[in-house]
Amino acid sequence: MGVQQQVELQPQSTVKYFHLKEEDASDINDIDIIKESSAPPRLSLMGWFAPPQYTAFPLGKIVSGSSKNPLSLSEDSISSLDDKSIGIHTQPILMESSDGEDGAGPKDFKIDIHPTSSMDKDIDDLKYNKKSTNTFLYSNAVTNNNSIRYQYSPVYSDVTYTLLVGIVILFSIVYSLLVGPIKIMFAFLISLTIFISYTCAALSTNNRTYLYSVTVLSIALGLTIPAFFAATGAVVIGTDRNKILWDSRLYASDSFLMGWLWPNGQMAKFVEDSTIVGPSSFIGKLSTEVFQLSYISYYVWGYLMEVYILWNLWRCHLSTDPQKQRMMPIWDQRLKMFICSWISTYFIVFSINLIFPAISPRVYLKNLYSEKLTGFGFAGFIREKIDNAATGSFGSFPSGHIATSFAVGLSSYKILPAYGFVSTISAILIAIATMYLRYHYFVDFLAAIPVTMFCLLYGGYYSPSDFFSVFVKCFTYTKTIIQKTFQKIKNF
């Protein structure tokens, strides 16, 4: 057995060398095994305090968010990086044996690390940069060298989720100061549950405790919808805001904007006066049933998606498949982003309701209509239940139904496209139903559009460039249709 010869390496200004013994070199070959058995990333509500959990890279080039010094990169990060891009090269050095029995002695490995690689500038530029072209790598979520990547910033979703929780608690405090906690007891208890569950999730020491806390927190955030809907009405009455209603102004705005198309600017009045689709005709009764079912489906779409995400989150956690377990951070982030897009619409609407209280045209304009919308019977039953539940409500402007339905549909499309498509179609029907069934003014619909856009931006699934792209496409499509129409008229 030969004696290993000492290899003397000449110092170089741009390269550093490390030597690994043969027994240590086996660790390099075992990296895949280590990855396969490594635990999934720790779930957290405060990602901005734990950025090493995530790695961001633009346009397919991975950039470490933890350090700009390649020597301090984590093992997972180094193994995920493109060798050429970071300046890391490994090659074996065959050491000559003095005896020459087998022609070669133990293997040594030379690792060339260029500290001043071209990646340094990218790291400096992109460390805190959030762009739509960036995707994010969960550094511990690696299976067979295939990194789990997601295009949305986890730090951004953690911040917006925490901010939403703070807003809900702030609403509860302000409402309690205005009318007392007794009058808004349901909302107060929900807010207390949110505070406790968020604190438990933030302080959790393992994923199981975190998931229990986040599940309770998500359910409580979903329950803020009925809780704060009733609480907002109580605050309007308790502060005498109900004595200054805005229905007359909203009605006047409808007449001004849509009076040329519908009598008094009301779609429902146009429907009532029609002999074809009137409330007493077969088509009218069928339409009433369809629109009433669409209207109440608004209460379902958001909750179903929330349950779907939570189910997948728990399924990944309970799975024995390491690859499914490593999908937990993705589903956790989807939950946060969806809830931010969904629930934030309500609290913007509630804020506007306090400033511009209105009781809806079904109450304010009831003397304008001579026929009731009963459909074949079921619609009338549902309508009666809604009227009783909405007593003391002043949330006509803007339409929470429209704002929330589109926010749910468009954000769901980013998670489950088929579900998002169906729920967006339902949102269109809900938008028509709100005016057809006399629940909202046309200006309620107009005011709901910017609320939806803002909340989609807040949730993080969409960017301003997405909306601009849609606007450009719609403008181009409309322009093309108009040009073709005029060309046909000219040729005719």
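The backbone N, Cα and C atoms fix where each Cβ goes, glycine too.
Annotated domain 'Inositolphosphotransferase Aur1/Ipt1' per TrEMBL: 333-453, in sequence order. Residues or ranges marked as transmembrane segment in TrEMBL: 159-178, 184-203, 210-237, 296-314, 335-359, 415-434, 441-461.
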- Item | Non-local residues, at least 6 beyond the ends, that sit with Cβ under 8 Å of the transmembrane segment (210-237) | 43-45, 164-165, 168, 171, 175, 178-179, 183-184, 186-187, 190-191, 193-194, 197-198, 200-201, 204, 302-303, 306, 310, 313-314, 317, 332, 335, 339, 343, 346-347, 350, 353-354, 357, 392-395, 400
- State the mean pLDDT for the domain 'Inositolphosphotransferase Aur1/Ipt1' (333-453). 92
- Note on the structure: Long-range Cβ contacts under 8 Å made by the transmembrane segment (159-178), restricted to residues 6 or more beyond its ends, are 45-48, 184, 187-188, 190-192, 194-195, 198, 217, 221, 224, 228, 231-232, 234-235, 238-239, 336-337, 339-340, 343-344, 347, 350, 458-460
